[in-house]
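I have placed the structure first, in the form of structure tokens, so that the comments after it can refer back to it.
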Amino acid sequence: MEVRVRYAPSPTGLQHIGGIRTALFNFLFARAHAGVFVLRVEDTDRSRCTAAFEQNLYDTLRWLGVSWDEGGGCPETAVKQGARGDGRSVAHAGGAYGPYTQSARTDLYRAQVARLVETGQAYYCFCDASRLERVRKIRTLNRMPPGYDRHCRELLPEEVRECLASGVPHVIRFKVPLEGSTHFRDALLGDIEWQNEEINPDPILLKSDGFPTYHLANVVDDHAMRITHVLRAQEWVPSTPLHLLLYRAFGWQPPLFCHLPMVMGADGHKLSKRHGATSCDEFRNAGYLPEALLNYVAMLGCSYGEGQDLFTREQLCAHFSLSRLNKSPAVFDYKKLAWFNGQYIRAKSDEQLCALVWPFIANAGVCGHIPADVEAGAVRTRRFADEAPCAPTEAQRSMLMRVIPLIKERLRFLTDAPELVRCFFQEPSLPEQGVFVPKRLDVAQVRAVLVRARGLVHEIVSASEPDVEVLLRAEAEKFGIKLGDFLMPIRVALTGATVSAPLVGTIRILGASRSCARIEHVIRERFSDDSQGVGGG
């Protein structure tokens, strides 16, 4: 049997960590079994679904390197245009079971619902909004669970025909059995049984506008697309008995279900905005590498072996198995993800890292003015921080290639790069005097250090690495201060910041002349009125 799985989100928002984890597990499962990964868009909620969010789905998966074999948004396959039903059009990928957007499949859903009506397993409901609101209030008052009261379930055929002939607005509801239970075996959670009386009473299958509800479209599409395994979040467990009843009503074999563990924040609640970034776009714009995010998300609720954290996509595909999934919720650890990101950044070659950090540097305006026409064109097309407005000049690229080895160990995110490299492309800002003065030094001592630094930079540029360290320690001892306190004023003078790339490397790249000029500028602007402690140089 060919394994066929799917990721079927609704394009009602940006792709978030929970959805990406579901997509990734389906992708890995398909690859582990040489199967097919289908991407289906469930856009039946016409009031909330947008083309922009659908495009975000495709962009996100492509950025992560999660490829699909059938589905929408695939430029690699033959494409045709299909009507969405709302005046817009969308590209549908090739595949034997398309289209892969539900709004283009409404005829199929209506035909299948008609089958259920004919066999007495679904019925027309003519209750209007005011009556349904009265039912809701009564059930709430009587402390009954929410749901329909089955008022139209036993309408006589002639009553139904009369209402239809009169054009009374209607929906079509499913007849949930009034007794008995529905049982299924979940691949992760084991045996689950649900009393039919606890299932939402006679849910709507087809809405008054002719569009299907999620439950109908989900079941019809999974059957029509030959889906063999459904891997989805545990929040869908309560819906599974209804889906199984629909499979039974249609006379279809259901797929194997596997409900994945929830993704929680550190406080034990479902991961949400209050915990931090949750959408893939946020992580992308914050300077995370797709490989790092993919690797970390793949480990949320799944174990791949002891003693190893970093896996390539190919290794994840080879190791993934439903037997490796954990039943308990996974906790999203932002610090651990940051560690992953740093590891992947440092594994990049200087050439690769130069290309990766350039967009963030250019977008931060570090490398100078971007021509207005170039910037205007870039603004129209650029949606992510890792999309550059222009390519670097040869001089900019050459400078970056010298700086990258200096900053690589200090990068946790690509967004760290602009401030670390700014001093190599621009004259630094001039902080207030207090920024130059460590807690254990006074203003006079700092001025003396800076005066001495003017002469030191020439020696630093020409000396070997071991000799430079000996030289700097000796100078700090002459002043009777710690090495870190000795270097701090020099660092701020050269970079404008208390945190920077390694100081010796910075001086060598800037050169003696440029370094001396910056130190002179600081002495003149911030320490010219202080004549104390000039000695020591």
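Yeah, the Cβs are placed from backbone N, Cα and C, and that goes for glycine too.
A quick note: this is a predicted structure, and the numbers were derived from the prediction, not measured.
Features of the protein shown, as given by Swiss-Prot:
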- C125, C127, C152, E154: Zn(2+) binding site (BINDING)
- K273: ATP binding site (BINDING)
- 9-19: motif ''HIGH' region' (MOTIF)
- 270-274: motif ''KMSKS' region' (MOTIF)
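Here the binding-site residues are C125, C127, C152, and the one with the most other Cβ atoms within 10 Å of its Cβ is C125. Across all of the motif ''KMSKS' region' (270-274), the predicted model scores a mean pLDDT of 84.
Non-local neighbourhood of E154 (Zn(2+) binding site): empty, since no residue in the same chain at least six residues away has a C-beta under 8 Å from its C-beta.
Distance from the CA of the residue listed as 'ATP binding site' to the CA of C125 (Zn(2+) binding site) is 39 Å. Under DSSP, residues within the motif ''HIGH' region' (9-19) fall into helix, strand and coil as 3 helix, 1 strand, 7 coil. In three-state terms derived from DSSP, E154 (Zn(2+) binding site) belongs to neither a helical nor a strand segment and is classed as coil. Rounded to a whole number, the C-alpha distance linking C152 (Zn(2+) binding site) with K273 (ATP binding site) is 42 angstrom. Within 10 Å of the C-beta of K273 (ATP binding site) there are 10 other C-beta atoms, taking all protein chains into account. Within 8 A of the CB centroid of the Zn(2+) site residues C125, C127, C152, E154, the other residues of that chain are Y123, Y124, F126, Y148, R150, H151, R153, L155, R173.
Counting residue by residue with DSSP, the motif ''KMSKS' region' (270-274) contains 2 helix, 1 strand, 2 coil.
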